[in-house]
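Asker: Can you read through this structure? Questions will come right after.
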Amino acid sequence: MSWLFGIKGPKGEGTGPPLPLPPAQPGAEGGGDRGAGDRPSPKDKWSNFDPTGLERAAKAARELEHSRHAKEALSLAQMQEQTLQLEQQSKLKEYEAAVEQLKSEQIRVQAEERRKTLTEETRQHQARAQYQDKLARQRYEDQLKQQQLLNEENLRKQEESVQKQEAIRRATVEREMELRHKNEMLRVEAEARARAKADRENADIIREQIRLKAAEHRQTILESIRTAGTLLGEGFRAFVTDWDKVTATVAGLTLLAVGVYSAKNATSVAGRYIEARLGKPSLVRETSRISVLEALRHPIQVSRRLVSRPQDALEGVILSPSLEARVRDIAIATRNTKKNKSLYRNVLMYGPPGTGKTLFAKKLALHSGMDYAIMTGGDVAPMGREGVTAMHKVFDWASTSRRGLLLFVDEADAFLRKRATEKISEDLRATLNAFLHRTGQHSSKFMLVLASNQPEQFDWAINDRIDEMVCFALPQREERERLVRMYFDKYVLKPATEGKQRLKVAQFDYGKKCSEVAQLTEGMSGREIAQLAVAWQAMAYSSEDGVLTEAMMDARVQDAVQQHQQKMQWLKVERPDSQTNKPPHPSLLSC
């Protein structure tokens, strides 16, 4: 059984290290220090020992020694021993690796500490350098300040020195001027005294010289008067005695007077003739009649106007069907009147503003092949006393037209008011009488067309001179839609398709949009619809990309509707009937 514990074995076996000794008992050392009562007796130590286990172990060892598997058991024990040794060696290697890792960690920590130390030293050096630089800068700034203070002190001293020198120089100059003034005063005083003394001594001689000069001057004037009188008397005597010279002189003066007055009157007559034939009266604002000056300024336009053919009277004019038929009859009758050289009829066109009265008057003149002239009633009152003469000039000028003239008086109620009830000036009353005098009979030279928003204010004599009354009412739904389409095409679509202007139109249903606009613009006139189309064009031009969108059109329509409502509110406030809650006069809104 000795081989089991590795004591007696063959060579080469059991070469492992001896088993470690069991640790000493805590009470083994220093046991003498304890008391006698603490040390157990040998009898007590082995009294509870059970030898059964040792017996079983000895028995197992004997069986194993006599067993045939003893070698395998020994090999197994050796392998276990080798395994334990390998485990001990691996633990030793791990311990060595841990030691090496600890050393490397120490080296890393030392390197990190060294790096931190170097960084701190570098920072300290930088801080020290910055502090030294700061001190150097402060020293330099202090030097600059000291130098600046020194320079300022030197400059102040120099200025004080200059001021002192200037004060000394000024005092010197003043003293010099004072002395010079004193010397000058003394010299003048001496000269005055000397001159006074000389005058006193030469007083008799001076008086004699003055007396001689006055006598000589008097003698010269008397001789000049005698000579001039003698010459004039002899000349007049010679002229009177010669009757041929007298007759020639009288005839010459007479002819000169006759020539001056004749030239003056002839010039006045020629001027009035030229003004009546070639010029344009001051009351006429616009006319299609061609003048010599206009022909010289615009020959191409004048030639085109001369060769132009009569146009349709309702081209570009949108009216209701009944009104369109009536005005077309008036246009046809006017054209036939011109062809037959008959008498023209006077027409009154009344209705709200912006319904096409002026436009139809122009188209009527072009359709009939006549010239047109437009005058405003508001221009008559400011002329005062010249109004009568200006009114006669207008009718004289209209009577000289070879093609016939359509005289359109816009805002005629401004000066054709009732003479009995209205308070008008004497000059305006005289102008009205002149107008009534010139329109008392029908004429084959001109046709009178009056336009008014308040026809009830006309004088009764004016109503008596009117042959045809036409009411231009506000456009209805169909007329508004036609107007919207026409102006949308004129101011939006045509500029966008021509490509010459910065205007584009977004993609949407134009016809549907025009119908919606016509529905929203109820109560608006044709002029307001045209202004709305112009506002669309302006909004497209003012946008960033130059594109007119449907939203932009809707916004402008809403603004136009609000403005129209505000105008109607103002109209109700301005009308006298608003105090009694009565509606405005029908001529201001519709027919």
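Placed from the backbone N, Cα and C atoms, the Cβ positions cover glycine too.
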Asker: From K59, K490, pick the one Swiss-Prot annotates as N6-acetyllysine?
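Answerer: Per Swiss-Prot, the residue annotated as N6-acetyllysine is K490.
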Asker: Which of the listed residues, K71, K197, K512, has Swiss-Prot annotated as N6-acetyllysine?
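Answerer: My reading of Swiss-Prot gives K512.
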Asker: Based on what Swiss-Prot says, identify which of K280, K494 is the N6-acetyllysine one.
Answerer: K494
Asker: For the region 'S100B-binding' entry in Swiss-Prot, name the matching range from 289-304, 369-384, 449-464.
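Answerer: Of 289-304, 369-384, 449-464, Swiss-Prot gives region 'S100B-binding' for 289-304.
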Asker: With an 8 Å cut-off on Cβ distance to the G351, P352, P353, G354, T355, G356, K357, T358 Cβ center, who else from the chain surrounds the ATP site?
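Answerer: So the additional residues around the site are A451, N453, F472, S525, G526, R527.
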Asker: Cα-Cα separation of T358 (ATP binding site) and K490 (N6-acetyllysine), in Å?
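Answerer: T358 (ATP binding site) to K490 (N6-acetyllysine), Cα-Cα distance: 20 Å.
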Asker: How would DSSP class P353 (ATP binding site) in three states?
Answerer: coil
Asker: Given the recorded positions G351, P352, G354, G356, K490, state which is nearest to K512 (N6-acetyllysine) when distance is taken between Cα atoms.
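Answerer: Nearest by Cα distance to K512 (N6-acetyllysine): K490.
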Asker: Which number gives the other C-beta atoms within 10 angstroms of the C-beta of P353 (ATP binding site), all protein chains shown included?
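Answerer: The answer is 14.
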Asker: About how far apart, in whole Å, are the alpha carbons (Cα) of G356 (ATP binding site) and K494 (N6-acetyllysine)?
Answerer: 23
Asker: What's the number of neighbouring CB atoms sitting within 10 A of the CB on K512 (N6-acetyllysine)?
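Answerer: Taking all protein chains shown, K512 (N6-acetyllysine) has 10 Cβ neighbours within 10 Å.
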